[in-house]
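Presented below is the structure to which this report refers.
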Amino acid sequence: MLKDTLLYLAQNPRLRDFVVQNKITRNASRRFVAGEVLEDAVRATRALNNRGIQVALDLLGENVALKEEATEAARNYINAIELISRTQIDANISIKLTALGLDISPDLCEELLSTILESGQEHNVFVCIDMEGSAYTDQTVAIAKRAHERYGLVGTVIQSYLYRSQADITQLVDQGIRVRLVKGAYKEPQSIAYQEKSDVDNNYVQLMNILLARGNFPAIASHDEAIIDAACKFVRDHGISKSSFEFQMLYGIRRDLQEKLVGQGYNVRVYVPYGSHWYPYLMRRMAERPANLMFVMTNVWR
Ligand code: FDA
C-alpha cells in the first residue's frame, strides 16, 4: 500500500517541485544520489574505484517532453563518456530512453542514442539501456537489439517481475547482448507481472541461472542477500569463473555487502546517479524500503 502510494507520488509534479526545491530533502537525497553535476559523480566514482568497485554513471532524467531536453541529455552523456576516457575512471554509463525523447519520437530517441553509442565506441565505454515501465519494454528491447547490431558495446535490463522476461532473456542471450537482471521498480498490473515478492524472487533466480550459465558478462543487480548467496553457490557448483559476470548495486545501498563481495574476489559495480532530476529516482528507492522514507523524513524534521 505504502509502496504503491510512493510509486504513484513519483509521478506527481507538485510534490516533485516541493521536494526538489526544499534544501533539507535535497540534502537527504545525497544518501542515494551522488550530486547534481558530473564532477560530483566523478568524485563518488573515484572513491568507489579506490575500494575496488566499478561504476555505472546514470544522468538522472526521464520522460522528457521537449526535443531540446532530449538533445541536452544526449550531449551530457557524451560529455560523461569523454570524461570517463580522459580521467581513466573505471566507469561505464546507464541511460533511460525516455530521457532521450522516446515519448516525443522513437526516431529522435534512436538518433540521439546513436550519437552516444558512437562516442562509446570511440572511447571504448559500454552503455546499458535501463528498463522503465512496461509501456516501454517492447521498444526498449527492440532498440537495444538494433543498437547492438550496429555498435556492439550496448546492453539492456530485464525485470524478473514481468512474465515475459524469460523469452526476452533467451533472445538477448542468443544475440550475445549483455543483460542486467533486476527485480523491477515500477508499479505493474497482475495481468503482466508477478505481485508477490516470493514469485518475483523465484523468477529472478531462474533467470539469473540462465544468465550465469550462458549469458554474455551478465550483471546480477540486487541487494538481496539470499539471491546473492544463490548466485555464489550456482557459480561454485557449476565451475563458472567469478570473472564472467558482475554484481551490481545502487549507490548508498548495502555498502557493507559491496565490500564483502569485492573482498571475496567478485566484480562489483555500483550504479551512481547524478543530476538535478532526482525526484522520481528517490521516490522509487523509498518505495523499495520504508526505512529510506524514514531516513528522508527524519532529516526533514531534524
Ligand atoms: P528487494 O527489494 O527484495 O530487497 C532486498 C533487500 O535489499 C532489502 O531487504 C534491503 O535490505 C535491501 N534493499 C533493497 N532496496 C533497497 C533500498 N532502496 N534501500 C535500502 N535497502 C534496500 N529497476 C528497473 O525497473 N529498471 C532498471 O533499469 C533498474 N536498474 C537497476 C540497476 C541496479 C544496479 C540495481 C541494483 C537496481 C536497478 N533497478 C532497476 C531496481 C530494481 O528493480 C529493484 O527495485 C531494486 O534493486 C530493489 O530490489 P532488490 O533486488 O535489491 O531486492
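For all residues, glycine too, the Cβ spot is worked out from N, Cα and C.
Per TrEMBL, the FAD site holds Met131, Lys183, Gly184, Ala185, Lys197, Ser222, His223; the candidate it also names there, chosen from Gln121, Gln159, Gln166, Gln171, is Gln159. Within 8 A of the CB centroid of the substrate site residues Lys96, Arg284, Arg285, the other residues of that chain are Ala10, Ala185, Pro273, Pro280, Tyr281, Leu282, Met283. With Arg285 (substrate binding site) as the anchor, the candidate binding-site residues are Gly184, Ala185, Lys197, Ser222, and the one with the nearest CA is Ala185. The full span of the recorded FAD binding residues, Met131, Gln159, Lys183, Gly184, Ala185, Lys197, Ser222, His223, taken as their largest Cα to Cα distance, is 19 Å. When Cβ atoms from all protein chains are considered, those within 10 Å of Arg284 (substrate binding site) total 19, not counting its own. Spacing of Lys96 (substrate binding site) relative to Ala185 (FAD binding site) is 14 Å (Cα to Cα, whole number).
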